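What TrEMBL says about this one:
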- 17-221: domain 'Thiaminase-2/PQQC' (DOMAIN)
- Asp51, Glu89, Glu143: substrate binding site (BINDING)
- Glu212: active site, proton donor (ACT_SITE)
Amino acid sequence: MSASPAEARFSLSLRAAAEPDWSAVTGHRFTDELIAGTLDDAVLARYLVQDHRFIDAFVALLGAAIASADRFEARIPLCRFAAMVTSDENDYFLRAFKALGVDEAMRADLPDHPATATFKALMAEARLTADYACCLAVLVVAEWSYLSWAERAGGRLPPRFEHAEWITLHDNPFFREFVGWLVSELDRVGAMLDDAARARVEDLFRRAVAAERAFFDAAYAAA
Ligand SMILES: Cc1ncc(C[n+]2csc(CCO)c2C)c(N)n1
């Protein structure tokens, strides 16, 4: 990461302030079982149906970050990432739904889980601030927490593509570089904020981490 040590402390302090939820997310049972290839199909199906709904609000938030960024150099990686999320990742979802026997009717009939609704509301809240640092706070949680658990696989992948590809989508050179840049961007922008603005960023960050934890938990709750 290119940020100076003083700036780098902002993201690290946000992450520390989000404990114990941060560690609960990056070491969640869901991620352990995914990496081991032992995840129950019903749990994965429930998770993916809800997660696919998360993507729309996520892309809208990414758009708000693109619009509110303070310079063109920042818009470019965000645009590239938006292109990736709306191509490769959507394709994974469709193939995984097919392999897990989740048809369109089932997807349409399942209501949003409260954890999904919470996440969507949080992403909308960040988006509507139209403030780059606030948008980054929620984006950084979604990306950094996923890179962190996916890296634990250490390159050893389970045999089924439904498991393996969900790991490699979140642990590959492109994603690692993007997350590194995103975190350094939060550090750069954070260094320019006053105390009140920093507190707003920290509040969004903490709530996003709590929402990530609840989202994984929800996959295990009875349908
Ligand atoms: C609840 C939830 N939180 C974070 C992510 C991670 N994530 C969301 S969009 C995106 C970009 C492309 O992978 C990534 C990494 C997720 N999938 N679901």
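Just so it is clear, glycine is given a Cβ too, placed from its N, Cα and C backbone atoms.
Because the structure is a prediction, the values reported are computed rather than measured.
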I need the least crowded one of these recorded positions (Glu143, Glu212), counting other C-beta atoms within 10 angstroms of each C-beta.
Glu143
Relative to the Cβ position of Asp51 (substrate binding site), how many further Cβ atoms are located within 10 Å?
18
Just the number: how many Å between the Cα atoms of Asp51 (substrate binding site) and the residue listed as 'active site, proton donor'?
11
I need the CA-to-CA distance for the residue listed as 'active site, proton donor' versus Glu143 (substrate binding site), whole Å please.
11
